[in-house]
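Record features, source TrEMBL:
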type: BINDING; residues: L8, G9, A10, G11, S12, M13, A71, M72, K73, P74; note: NADP(+) binding site
type: DOMAIN; residues: 5-100; note: domain 'Pyrroline-5-carboxylate reductase catalytic N-terminal'
type: DOMAIN; residues: 163-267; note: domain 'Pyrroline-5-carboxylate reductase dimerisation'
Amino acid sequence: MKKSVAFLGAGSMAEAIIAGMTSNQIVSAQQIIATNHSNKSRLLELEEKYQIKTSQDRKKVIEQSDVLILAMKPKDIKVATAELKPLLTDDKIIVSLLAGISTSFIEQQLGTKNPVIRVMPNTSAMIGESATTIAAGTHANTEQINLIEELMTAIGTTTVINEEDMDAFTALAGSGPAFYYYMVEAIEQFADEKGLDQEIAKPLMVQTIKGVAKMLDVSEDSPQTLREKITSPGGTTEAGVQTLADHHFQQAIKACLNQTTERSKELRKLFEK
Ligand SMILES: NC(=O)C1=CN([C@@H]2O[C@H](COP(=O)(O)OP(=O)(O)OC[C@H]3O[C@@H](n4cnc5c(N)ncnc54)[C@H](OP(=O)(O)O)[C@@H]3O)[C@@H](O)[C@H]2O)C=CC1
Ligand SMILES: O=C(O)[C@@H]1CCC=N1
């Protein structure tokens, strides 16, 4: 791809995408430039690690790039769009990674007809395994959506969705990895408490998760059937699953995803003012 890509924000999500993109042939490191609010040493760190370009001159970065990826926090969107507005030319595509913030708000703040496309990746972008959802604003045409989709294939799978579903998909896939990591933290605590050697326990746990992910991907059985096939009557699994049920595990997971979805809506209310 010939387009130059700018990251306006150089935090953990920008880095995960940069890492994924640079280890892939879709865009070369020299087509990527990153800027941030003020942290110069962070820019130098990214420059050294990924051989991308960086600059503290945000105006220059915006002017010289075709695709502008907004990678600041939702609270910073008003300042960021105010800065962007006078520097935009018609050809620039705006991509927003910001949780909660709608394309219509960004369009309205910019007051231009530039295409605005919302992208919700996750940090597995770092290893090319993000599950990225994409939702287009009013001014984005099919060609521009395809281009952003192609760009994002550098970091994993891409799925174009309706923007109204973005809050829920943010819970499922954007924040999702954190919930699995949280569960793994508990498994590690168990392994420690049992005095298991982490060097033996960790690969076993990781392979178990990989196996589950692959089974969910390829098997025609539902998750429930897959679980039941492991659960012998009166056996070990039944005792474990019953304990999870006693602790309202599924309610906890659903409450977690609902609360995450609600927070995405709240961010919109808080910062679209
Ligand atoms: N982390 C994740 O897993 C995911 C995050 N997201 C979204 O990605 C966005 C970034 O998240 P994350 O990387 O975790 O956040 P971080 O706090 O790690 O990074 C935020 C970055 O934004 C920079 N910044 C602040 N204001 C501006 C500005 N006006 N112009 C340019 N840069 C600016 C900061 O610069 P400085 O350090 O100099 O202050 C910093 O580099 C968020 O909106 C989040 O919702 C989406 C999906 C997953
Ligand atoms: O926690 C957050 O707000 C961001 C959005 C999705 C993942 N991290």
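Glycine is treated like the rest: Cβ placed from N, Cα and C.
The structure, with features from TrEMBL marked on it.
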residue: L8; record: NADP(+) binding site; Cβ contacts under 8 Å, 6 or more apart: T35, N36, R58, V61, I62, L68, I69, L70, A71, M72, A80, L84
residue: A10; record: NADP(+) binding site; Cβ contacts under 8 Å, 6 or more apart: A34, T35, N36, N39, R42, L43, L46, T54, A71
residue: S12; record: NADP(+) binding site; Cβ contacts under 8 Å, 6 or more apart: T123
residue: K73; record: NADP(+) binding site; Cβ contacts under 8 Å, 6 or more apart: G9, L98
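Counted within 10 Å of its Cβ, the other Cβ atoms near A71 (NADP(+) binding site) come to 27, all protein chains included. Once the Cα atoms of L8, G9, A10, G11, S12, M13, A71, M72, K73, P74, the listed binders of NADP(+), are compared pairwise, the greatest separation found is 14 Å.
DSSP gives L8 (NADP(+) binding site) a strand state. Across the domain 'Pyrroline-5-carboxylate reductase catalytic N-terminal' (5-100), the model assigns an average pLDDT of 96. Remark: secondary structure over the domain 'Pyrroline-5-carboxylate reductase dimerisation' (163-267) totals 89 helix, 0 strand, 16 coil, with classes taken from DSSP.
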